[in-house]
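Noted in TrEMBL for the protein shown:
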type    : residues                                              : note
BINDING : Ser9, Ser15, Ile16, Ser17, Met95, Tyr96, Asn97, Phe98 : FMN binding site
DOMAIN  : 1-200                                                 : domain 'Flavodoxin-like fold'
Amino acid sequence: MKILHIDCSIRNEYSISRKLSKLMVEQLQNFHEITSVDYLDLSTDSPNHITECFIEGVYTVPEERTAEMLKELEQSDEYIHRLHDADIYVIGMPMYNFSIPSNFKAFIDLITRTGRTFRGTEHGFEGLLVNKKVYVINTRGVDFSNEIIASFDHLQPYLKSIFRFIGLTDVHFVNVFPVKWGNKEKLESAIYKAEQEIAEAAHNLLLLQI
Ligand SMILES: Cc1cc2nc3c(=O)[nH]c(=O)nc-3n(C[C@H](O)[C@H](O)[C@H](O)COP(=O)(O)O)c2cc1C
């Protein structure tokens, strides 16, 4: 089985989402035969913003695409190839302003493509990234066990919808909070809990496949 490992935190050395997404990959490797890990860092290997030419290229049949359109589609083609090629996606995902980091939104705009990751049928839309397992390690600064704060979460509902649209229905969120605006004890406890959940999730994937 192949893993596509994606990080998008703007932080490096001190990033908790990076540390935990790496642990998720390692735990999957411990419990399962992983043949390859493809790594994508959206913070350093930044996705382009889509353009008018990009959209024209998407809706032009391949034989009639101009050199400019093909250039605009290049990064999207590469990302989509990597998504189809992998069986498991592990995504380190910090919350920014109650939603996803902008680099991940740019990535979504590039990969949500008709005929490639979804298509229209007479019964409605159909996602084309099928039989994939997704782990999202979602770190948040604030304590989301507070009901009012919880209603500010536009990250998880959005990701569930857009992932479902492109065929990704088996999504496991590991929510890690509070990692910033809390005390040291709460931070350590959030990380410890996440580490346990990650080990269990990796183990359970193995059980499901026996
Ligand atoms: C630009 C920015 C915006 C943030 N917005 C939120 C937010 O809306 N809610 C929240 O709980 N934490 C917020 N945080 C805190 C981060 O979610 C938290 O520090 C992050 O998940 C840690 O991930 P990392 O260690 O991998 O960088 C924000 C952090 C930054 C840098």
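Placed from the backbone N, Cα and C atoms, the Cβ positions cover glycine too.
Remember, predicted model here, so these are calculated numbers, not experimental data.
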Mapped DSSP class for Ser9 (FMN binding site), helix or strand or coil: coil
Site diameter for FMN, Å, by largest Cα distance between Ser9, Ser15, Ile16, Ser17, Met95, Tyr96, Asn97, Phe98: 18
Site of maximum Cβ density within 10 Å, from binding-site residues Ser17, Asn97: Ser17
Under 8 Å by Cβ from Ser9 (FMN binding site), counting only residues of that chain that are 6 or more apart: Ser15, Ser17, Arg18, Ser43, Gly92, Pro94, Pro101, Thr139
Averaged pLDDT, computed only over the residues in the domain 'Flavodoxin-like fold' (1-200): 96
Binding-site residues compared (Ile16, Met95) - the one with the fewest other Cβ atoms within 10 Å: Ile16
Position of peak Cβ density within 10 Å, selected from the binding-site residues Tyr96, Phe98: Tyr96
